[in-house]
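Okay, structure first, notes after.
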Amino acid sequence: MPSTAAAGRRPGAAAGRMAEDGGRGGATSPAAARRFVRCLYAVGFLDLFGVSMVVPLMNLHIKSLGASHTVAGIIGSLYGIMQLFSSTFVGCWSDIVGRRYSLLACILLSALGYFLLGTSTTVFLFAVSRVPVGIFKHTLSISKALLSDLVSERDRPLVMGRFNAASGVGFILGPVVGGYLTELEDGFYKTSFICASIFVLNAGLVWMLPWDEENFVNKKLERGKKRTDNSSAIRDCDSHLKPVTNGAMANDSAFQSPWVQIATVLKRIKEIASSDLWDIFLIRLLMSVAILLYYSNFTLALDERFGVKPLFSGYLMSYSSTLGVLAGCLLGPITRLYQHNTYRLLLHSSTFTCVLILLYASAPGMWMVVLSSTFLAFSTTIGRTCIIDLELTIGGNEASGTLLGVGQSVTSVGRIIAPLLSGIAQEFSPCGPPSLGVGLALIAILIMNINKQKYCSSGNVKLKNQ
């Protein structure tokens, strides 16, 4: 049987390679973890593929039902508000009842929402269909929490980057398929039903994941780690799965009283609120708003500044999205180049983002806009992955669902604030929103520098004592 240390010395995939004995007559099962993680990549792809088929068509559909622009805006805002408040609760709930049940519940209830959307012949039914989606559409957050449970800290940025890349491919392909389907008779309704079917397919994929195998693999790893010294464990951590924490596998908490679960959720949220993670979430908020300000009036600003038609702006945004997918695939080599120092990578990517937004705001011609958009796709993708990794590293992996939920709520606050700030800044100049974004990014960079000692110790990100 290959030893644990020997297995750790082999170059492996993100989820690691591990030999094990026992189980089925001493047979090895190194593919169990890789299969699990790859299935989660497929879950992320199908999720955004289905959503992006429908979302671009919603405004047209609700207007065809006779809704005014104000009513359509109110319904859209209500969805954002539900996402804002539900993401923290659902993420914390996934820590308590286990990822399997919470992920299945979110996927199936989201499928119900899109099925109702496919039957929405009135504005009221349209609004009702957005309720289950607004509350439970947190599939990606729970999937990321599950990935965080399964992989080592050093491999986490790589796996998260690949997951984001797979989801990004779905987001790019979905609108193309949705646009084709909507040309058919009753195209929106058919697209909504297909989206609901994709979510049901996703639920089946989650149900068939090798949960028992993963539990066995991780228990074997935990026993193996107890037999090794600390230095060997550190050397092997980048190529091994971690023991599944209290959120990864379903446990008896799934069958507790709902009141007990609610009380536990509130207790965990209170612990996060009273922790010293405020600076991490503030950095995430500032950078999110800065990037949203960059995109807020992108098409209008290019038209006013350079006379560029919306079609070219659309091509440029699609080009940036494609580069973002590529950036997710390159996170592995980049993190190795930075010796897995998440803080330093986040600081550099945020600084680069700030400089690129400044170049866009002061661009003398379209060549500068294309150049800044090209590199911004890389810096923003890297920054988003790094801030999530830093949240989990500083906050601890035991509450990964809660941390990711709070982070998603923070981003939702940014989505509410950014349009207001963009409208005010745009009153002064088409370059106002990105210029304001530069200022917010500078504040985020300043906060990172002030709290450097909190994130770093001898050049490495360190865990907070739990």
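Glycine too: its Cβ is placed from the backbone N, Cα and C atoms.
Positions annotated as region 'Disordered' by TrEMBL: 1-26.
For 1-17, the entry in TrEMBL reads compositional bias 'Low complexity'.
Residues or ranges marked as domain 'Major facilitator superfamily (MFS) profile' in TrEMBL: 36-456. Confidence across the domain 'Major facilitator superfamily (MFS) profile' (36-456), taken as the mean pLDDT and rounded to a whole number, stands at 82.
Within the chain, the transmembrane segment (39-58) has long-range Cβ neighbours (under 8 A, six or more residues past its boundaries) at 107, 114, 117, 137, 139-140, 143, 146-147, 162-164, 166-175, 177-179, 181-182, 188, 191-192, 194-195, 198-199, 201-202, 205-206, 209. The transmembrane segment annotation in TrEMBL covers 39-58 (among others).
What TrEMBL records for 70-91 (among others) is transmembrane segment.
Beyond its flanks by at least six residues, the transmembrane segment (103-128) meets 47, 50, 54, 61-62, 65-67, 71, 75, 78, 90, 94, 134-139, 142-143, 146, 189-193, 195-197, 199-200, 202-203, 206-207 of its own chain at Cβ-Cβ distances under 8 Å. As annotated by TrEMBL, transmembrane segment applies to 103-128 (among others).
If you look up TrEMBL, you'll see 163-182 (among others) marked as transmembrane segment. Counting same-chain residues at least six beyond the ends of the transmembrane segment (163-182), those with a Cβ under 8 angstroms from any Cβ of the stretch are 40-42, 44-54, 56-57, 140, 143-144, 147, 188, 190-191, 194, 318, 321-322, 324-329, 381, 384-385.
Under the heading transmembrane segment, TrEMBL lists 188-209 (among others).
Annotation comment: TrEMBL describes 277-296 (among others) as transmembrane segment.
Feature annotation from TrEMBL assigns transmembrane segment to 316-338 (among others).
Using a Cβ-Cβ cut-off under 8 Å and counting only residues 6 or more beyond its ends in the same chain, the transmembrane segment (70-91) has close neighbours at 59, 62-63, 102, 106, 123, 126-127, 130-131, 133-138, 141-142, 145, 265, 269, 401-406, 408-409, 412-413, 415-416.
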